[in-house]
Amino acid sequence: MQQNSVLLALFFLCFSSGLGSGQPGQRDDLQTLLELKNSFITNPKEEDVLRDWNSGSPSYCNWTGVTCGGREIIGLNLSGLGLTGSISPSIGRFNNLIHIDLSSNRLVGPIPTTLSNLSSSLESLHLFSNLLSGDIPSQLGSLVNLKSLKLGDNELNGTIPETFGNLVNLQMLALASCRLTGLIPSRFGRLVQLQTLILQDNELEGPIPAEIGNCTSLALFAAAFNRLNGSLPAELNRLKNLQTLNLGDNSFSGEIPSQLGDLVSIQYLNLIGNQLQGLIPKRLTELANLQTLDLSSNNLTGVIHEEFWRMNQLEFLVLAKNRLSGSLPKTICSNNTSLKQLFLSETQLSGEIPAEISNCQSLKLLDLSNNTLTGQIPDSLFQLVELTNLYLNNNSLEGTLSSSISNLTNLQEFTLYHNNLEGKVPKEIGFLGKLEIMYLYENRFSGEMPVEIGNCTRLQEIDWYGNRLSGEIPSSIGRLKDLTRLHLRENELVGNIPASLGNCHQMTVIDLADNQLSGSIPSSFGFLTALELFMIYNNSLQGNLPDSLINLKNLTRINFSSNKFNGSISPLCGSSSYLSFDVTENGFEGDIPLELGKSTNLDRLRLGKNQFTGRIPRTFGKISELSLLDISRNSLSGIIPVELGLCKKLTHIDLNNNYLSGVIPTWLGKLPLLGELKLSSNKFVGSLPTEIFSLTNILTLFLDGNSLNGSIPQEIGNLQALNALNLEENQLSGPLPSTIGKLSKLFELRLSRNALTGEIPVEIGQLQDLQSALDLSYNNFTGRIPSTISTLPKLESLDLSHNQLVGEVPGQIGDMKSLGYLNLSYNNLEGKLKKQFSRWQADAFVGNAGLCGSPLSHCNRAGSKNQRSLSPKTVVIISAISSLAAIALMVLVIILFFKQNHDLFKKVRGGNSAFSSNSSSSQAPLFSNGGAKSDIKWDDIMEATHYLNEEFMIGSGGSGKVYKAELKNGETIAVKKILWKDDLMSNKSFNREVKTLGTIRHRHLVKLMGYCSSKADGLNLLIYEYMANGSVWDWLHANENTKKKEVLGWETRLKIALGLAQGVEYLHYDCVPPIVHRDIKSSNVLLDSNIEAHLGDFGLAKILTGNYDTNTESNTMFAGSYGYIAPEYAYSLKATEKSDVYSMGIVLMEIVTGKMPTEAMFDEETDMVRWVETVLDTPPGSEAREKLIDSELKSLLPCEEEAAYQVLEIALQCTKSYPQERPSSRQASEYLLNVFNNRAASYREMQTDTDK
């Protein structure tokens, strides 16, 4: 018994020893786990999720996330525990580890390379959704037993390791949403067991390797949102098990391979947002299991195969934003009852919506927007009772909206805007109880708004702007508790604003402007505390504002202008978040509230045309973002507060027609952006402060109707950008400075009713843009009328009356074709008026005792009454001599006539030509025939144009007229007749310059092919290649008297803009010496037969004005064109590359907006640049912003619209006031090229939910 006890004791001792011998391995795992925990950082404020990982609890197999097999650790699953810190390299010491999952934490740092030590055991490694960084270790390629590798959604970079091709057992590889670059390894073709490959949302590039076709087990392949390019490999057709293929939003090109029709298992195919072209392969319609097909945002062409409508498994068909053609067939959904979503917007579909659309009974979403569909909306469409989203906007649909719409009880979003629908909005919309968005704007709907709209209790947005709706706004709208946006502008609504709208507490936008509403604003509007935008301008609303509006503390933009409100505006001052505030043209009274100064981000403040009294609040100085201040036509008094000088972003100040007093503040001269200063009709005194003459950006300066004294200083010539100057009705004295001639952009000059003296400076003739008026009347000017006034080519009104001018009236003034109003009355003028002045009334010349001739009384031909009269004999002799002289003169005229015609005939027949082989001159050609089929002869040109008959004229400008000449050899050329009086062929400098220009060749420059001269006055010809499609000006601004061309599409306009910039860049950088164009404008941008841009008339400014003649007409002729001239040219009279860039910027604006820079809308207050700049600052999506884009460009894609705004941003950079702030032509060209290359954008994201 004792022996047995001893043996039992020895057994337990040995067993204990055996356990003790195993402890070192277990202790190592325990230590490794603790090291791993220590690499994680625990937030002391959060619960320690790994609190059981401690040495006091040695049974680690029971620890959180630890899985053991026997006593060996085979799994670590710490997913989603919120761990931070890094992954310890010690993790590589778990020799038997099969599964690692540390996903969905916040771990940082690199992936440990020591993981490669687990090559014999590890089967799954999941590290996705962390913050891991650095390259993916190539050592992971040694984990040959790995079946699942998920590293996506980290901050990894670098390339995909080639060694991953060694993971031959891999079934899942997920690397999405990192920053991986480089190529997809071709060695992936070795992964024959791979079932899932997810590479999307990286920066991978290059083609898909053909070897991917070897991965025959692949069921899901997603590589969307990368930079992959090239063509799609036909080898993809070997993936017979593939169910999901997502390659969207890359740069794949070429055609869709028809071999994709071999993917017999495919259910989801997404190629959105590439550059694929050609036809949609018909074989895709053979994919019997296909449920989702997205080919949108490509360049696919052709018709939609009818077989698509017979694919009975297809649920989602997305073909939007392609260049497809044709119409919807009557066979639509003939064998498809599964189709749920159909996106065909922007596919150039035409024709009518077929009645058979009702076959698509499962449709939930139908998008046919942005096409050219016509006809009526078929009643059968409203049988699609499952519809939740119906988009028919931006088409040419007509007719009425059927009452059958009541069937669509599941409808949530309904857009019909930009069509030609008419009639009443049916009351049956009240059955659409789930409707959330309803856009009917810009149609022709009429009649009253149906009261039943109040039944659509889920409505969030109503936009019916721009129709012909009449009657009152139904009070039932007040039942729409979820309504956030109500837009009814530009209708014919009448009556009161319903008080029930105050129940719509979620409302953020109310726009009821441009109607005929009356009554007052309901006090219930004080409950709309979420309201941000409140527009009710151009109505007949009246009364005091309700005090409850003080509760609207989130208002950012209001416009109450052009109504009949009165009382105080204090109720509007509860918000301190205003961006724009406009109550112009009402009857508001009292003091301007100080609280307006709390809106420091307020950009535009308009209080004009009211009855405000008191002083301008000093608190306005706190509005740091203020750019426009209009308080004109009120009854304000006192001085302009000095605090306004703190508003350094002010561009417009209008304080006209008040009772403001004191001197004009000197601090106005320190507002660097000020472009408009209007202080007219106030009580200002003192002299003109010299500080305001440092405002080099100012465009409008109106100081008239005050009591200013002193003289006009010489510094007035510093106002280089000034368009309009009005100093009339003051007490200014002294001479008019000659520096006035430096204001070359001046459009209007009014200095009447002062006490100015001295002579009118001859420099006034330098104001070549002066157009609206030159008014110097009611002063004390002396001396003669300067003849230079007659050189003002655009002047429409000239008033020099009530002065002390003497001498004769220059006859050239009577020849001014632009002059419509002339007043020279009440001066001391004398002499006989030339017959040109007979077109004005006598009132224009009265009060000048020594002046005679039509329209005044005839001049007295008899001499003085005291002069002795002639004898009869003397009269006979004088008569005889006069008769003989007249006969002799007549004979001389006849002789000269025949001689001149004879000489002219000889000159034309034997004219010189740069190309003529039978020239009467021995002169060699100026340069070789640049592109002409054969030598061009003078006689051929004369014959082709009937001696330059006006019938063949295709253009004219400052440098001369242009004729189209179709030569006998079938070639068509353009011939420019230069307005010149000398034979330029004999001028060596001219020859040298023309020869240089003739060697210039660029894709976007018009080729100069040669020069001809007849040695006759006015018959010097430059020969150019012919541009078959005229100029950009012709296309953009054709009127009813001009043959209307097709509309230039956006893609074409963008190419024209880029071509123009590249042409200018070539002139500036690649010509030696560089060429400054000096007259870039839309009429000089010519289009060839392919509508490709070519800049013409380059170099003419130099060769016709630079060195060869001092002819004034020519010098001004080639200095630029009105509306395109850079502001610095006014004072420097020097054209530079940067002035070319400015002109190019104006043309870019013209291309996008379709507007001329000289349109009537651009007056003395706002030129084209300022208009674009102002409107571009409005919120994205606003209607004002949309009007920047030419209305001819209907239905731009979002990516095209964005590109248009980008071009305008570039144009604004090009038209900066200071030349040094403008980009170079090379930079501008690069900017436009970037816009052109990045114009493609994705349409919709159609992705499957996949593991990362």
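Cβ atoms here come from the backbone N, Cα and C positions, even for glycine.
Here Swiss-Prot flags 948-1232 as domain 'Protein kinase', drawing on sequence analysis.
Sequence annotations record features per position, and here Swiss-Prot assigns phosphotyrosine to Tyr1024 (among others). Of all the Cβ atoms in the protein chains shown, 22 others lie within 10 Å of the Cβ of Tyr1024 (phosphotyrosine).
Annotated phosphotyrosine per Swiss-Prot: Tyr1066 (among others), in sequence order, evidence recorded as similarity to another entry. Cβ neighbours of Tyr1066 (phosphotyrosine) (same chain, under 8 Å, six or more residues apart in sequence): His1002, His1004, Leu1005. Classification of Tyr1066 (phosphotyrosine) by DSSP places it within a helix.
Taken from Swiss-Prot, the feature phosphoserine applies to Ser1114.
Sequence-distant neighbours of Tyr1124 (phosphotyrosine) (same chain, 6+ apart, CB under 8 A from its CB) are Asp1079, Ile1080, Lys1081, Tyr1142, Ser1143, Ile1146, Val1147, Pro1157. Feature annotation from Swiss-Prot assigns phosphotyrosine to Tyr1124 (among others).
Among the features that Swiss-Prot reports, phosphotyrosine is placed at Tyr1131 (among others), with the record citing similarity to another entry.
According to Swiss-Prot, the feature repeat 'LRR 2' maps to 120-143, an assignment based on sequence analysis. Distant neighbours of the repeat 'LRR 2' (120-143): 74, 79, 87, 95-113, 149-167, 174-175, 180, 1251-1252; these residues of the same chain sit at least 6 beyond its ends, with a Cβ under 8 Å from one of its Cβ atoms.
Mean pLDDT for the repeat 'LRR 8' (265-286) in this predicted model: 96. Residues or ranges marked as repeat 'LRR 8' in Swiss-Prot: 265-286.
Residues or ranges marked as repeat 'LRR 12' by Swiss-Prot: 361-384. Below 8 angstroms of C-beta separation, residues 315, 320, 328, 333, 337-355, 390-402, 404-408, 410, 415, 421, 1195, 1197 of the same chain, each at least six residues beyond the ends of the repeat 'LRR 12' (361-384), sit close to that stretch.
Per Swiss-Prot, the feature repeat 'LRR 13' maps to 386-408.
The residues of the repeat 'LRR 15' (435-456), classed with DSSP into helix (H, G, I), strand (E, B) and coil, number 5 helix, 8 strand, 9 coil. What Swiss-Prot lists as repeat 'LRR 15' is 435-456.
Outside the repeat 'LRR 17' (481-504), and at least 6 residues removed from its termini, the chain residues within Cβ reach (under 8 Å) are 436, 441, 449, 457-475, 510-528, 530, 535-536, 541. Here Swiss-Prot flags 481-504 as repeat 'LRR 17', drawing on sequence analysis.
Sequence-distant neighbours of the repeat 'LRR 19' (529-552) (same chain, 6+ residues past either end, Cβ-Cβ under 8 Å): 484, 489, 497, 505-523, 558-575, 582. As annotated by Swiss-Prot, repeat 'LRR 19' applies to 529-552.
Annotated repeat 'LRR 20' per Swiss-Prot: 554-575, in sequence order. Counting residues of the repeat 'LRR 20' (554-575) by DSSP class, helix then strand then coil, yields 3 helix, 7 strand, 12 coil.
Residues of the same chain lying 6 or more positions beyond the ends of the repeat 'LRR 23' (623-648) and with a Cβ under 8 Å from any Cβ of it are 584, 592, 596-597, 599-617, 654-662, 665, 667-668, 670-673, 678. According to Swiss-Prot, the repeat 'LRR 23' annotation covers 623-648, on the basis of sequence analysis.
Under the heading repeat 'LRR 25', Swiss-Prot lists 671-695. Secondary structure counts, DSSP: the repeat 'LRR 25' (671-695) has 5 helix, 8 strand, 12 coil.
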Tell me the coarse DSSP state (helix, strand, coil) of Tyr1024 (phosphotyrosine). strand
Secondary structure at Tyr1124 (phosphotyrosine) (DSSP, helix/strand/coil)? coil
By Cβ distance under 8 Å, which residues at least 6 away from the ends of the repeat 'LRR 29' (768-792) in the same chain are close to it? 724, 728, 736, 744-762, 798-810, 812-813, 815-816, 818, 823-824, 829, 1112, 1116, 1119, 1122, 1125, 1164
Provide the three-state DSSP residue tally for the repeat 'LRR 19' (529-552): helix first, then strand, then coil. 5 helix, 6 strand, 13 coil
Distal contacts, the repeat 'LRR 30' (793-816) - CB-CB under 8 A, six or more residues away: 752, 760, 768-787, 822-837, 839, 845, 847, 851, 1122
Could you put numbers on the helix, strand and coil content of the repeat 'LRR 30' (793-816), residue by residue per DSSP? 4 helix, 5 strand, 15 coil
Run through the repeat 'LRR 17' (481-504) and tell me, per DSSP, how many residues are helix, strand and coil. 5 helix, 7 strand, 12 coil
